[in-house]
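Annotated in Swiss-Prot:
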BINDING   Cys27, Cys52, Cys113  [4Fe-4S] cluster binding site
Amino acid sequence: MTESASCHGGGVCGGLAQEEGQRQVFCGLTSIVWLHRKMRDAFFLVVGSRTCAHLLQSAAGVMIFAEPRFATAVLGERDLAGMADCNEELDRVVHELLARRPEIRTLFLVGSCPSEVIKLDLGKAAERLTAAHEGRVRVLPYSGSGLETTFTQGEDQFLTTLAHELPASPEGAPSLIVLGTLADVVEDQFRRLFDQLGIGPVHFLPPRTGADLPPVGPGTRVLQAQPFTGEATRALIRRGAERLDAPYPLGVEGTRSWLQAATRSFGVPDEQLEAVIEAPIARAQAALERQRGVLSGKRITFLPDSQLELPLARFLSEECGMQPVEVATPYFDREFHGRERDALGEEVRLVEGQDVDAQLDRLRADRPDLTVCGLGLANPLEAEGLRTKWSIELVFSPIQGFEQAGDLAELFARPLVRHETLKV
């Protein structure tokens with residue numbers, strides 16, 4: 001994050017309090033769990049420790065009926081002590097992997113805390129391996145290290161690497177890139193809406209296969225679908241693209257404004273947009289109405305975890321009648337998150353960063369009806385009588401767009417309904 005994008009140090013900056021201290025977050029390797037499902041001809045090889053391997057195996061434990069598209073090249077004690085040639089062993093592992101999995105077209109070498117501590121140059125390794133397998137596979141490096149990051153930034157690093165690999169578009173050729181991983185069903189819904197609006201060509205990054213990397217250039221518009229794509233967006237801007245300023249497509253109003261940013265950029269009249277989205281909005285409003293009775297008036301606190309906190313709080317406040325007490329986010333980027341912050345108003349306590357002990361003290365004093373937090377904090381808070389929602393579930397679930405608005409609201413209603421059902 002650049003200095004202009006965020007204030008640094010403790011205190012309050014532009015109405016946003018900042019905290020530094022002990023944190024409770026997953027590292028960027030966790031993003032592989034959803035990225036490997038998206039790019040179907042890619043493979044993610046983590047160069048890390050046994051701890052890295054255990055994290056991925058635990059996070060992706062549901063993948064028991066299919067061979068996953070990720071693995072860990074484990075650095076042993078001799079590697080970490082500098083007593084072995086890591087590059088030679090890495091080459092051997094990659095050669096065996098490609099011989100066993102001939103369908104791989106793009107291989108990502110994913111850096112970890114251990115590989116970065118011993119300064120293993122995965123960039124040079126990727127160049128060497130690409131040359132060794134020329135015409136067979138493209139090898140690309142990126143960092144999934146947990147040093148000073150949160151888990152969704154793993155996707156940002158991944159997308160930034162892809163941004164550098166995109167082909168150049170013809171000078172001035174108009175196109176739209178939707179940036180950030182979306183569930184296939186959501187992607188298909190958005191594509192149909194863009195087709196009905198006459199906007200195109202539309203590309204989604206990341207694509208479903210490495211062969212579908214979109215071109216980028218001066219005529220390209222970028223529409224962020226996820227709030228944790230800041231560095232990738234800047235990389236596309238450096239390639240000549242233009243970012244469209246919009247809220248994130250959560251809920252009816254977020255999705256409408258998100259689509260409107262695209263239609264106005266492409267010269268589509270507002271009347272045409274409203275005609276196209278009238279039916280989806282009606283379905284979304286009906287689905288939301290079923291959840292408002294549970295959510296309206298309830299108080300909610302977000303602990304920092306995924307960077308989805310601000311747009312989720314905006315959706316729950318505007319469309320479900322919830323009252324955000326404190327909304328904390330791991331990183332705040334004024335350029336990309338400012339609209340979402342402004343929508344929450346002055347009465348909501350906003351925090352960037354984490355001092356987990358201080359935040360837990362405030363949480364116990366506030367006693368909100370629902371707390372959105374990481375897995376490691378959920379059970380202890382439940383034991384204290386606080387109802388919780390796992391933040392990582394909101395990253396894995398299809399929540400964007402009109403058709404998912406009711407499902408998104410239901411994700412927050414479930415723990416409240418469960419609590420009332422189990423109350424003695």
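Every residue gets a Cβ built from N, Cα and C, even glycine.
Residue environment of Cys113 ([4Fe-4S] cluster binding site) contains 18 other Cβ atoms, counted within 10 Å of its Cβ in all protein chains. Neighbouring residues of the recorded [4Fe-4S] cluster site, listed in sequence order and excluding Cys27, Cys52, Cys113, comprise Gly28, Leu29, Gly48, Ser49, Thr51, Leu55, Ser112, Pro114, Gly144, Ser145, Gly146 (Cβ within 8 Å of the Cβ centroid). In the three-state DSSP scheme, Cys27 ([4Fe-4S] cluster binding site) falls into the coil class.
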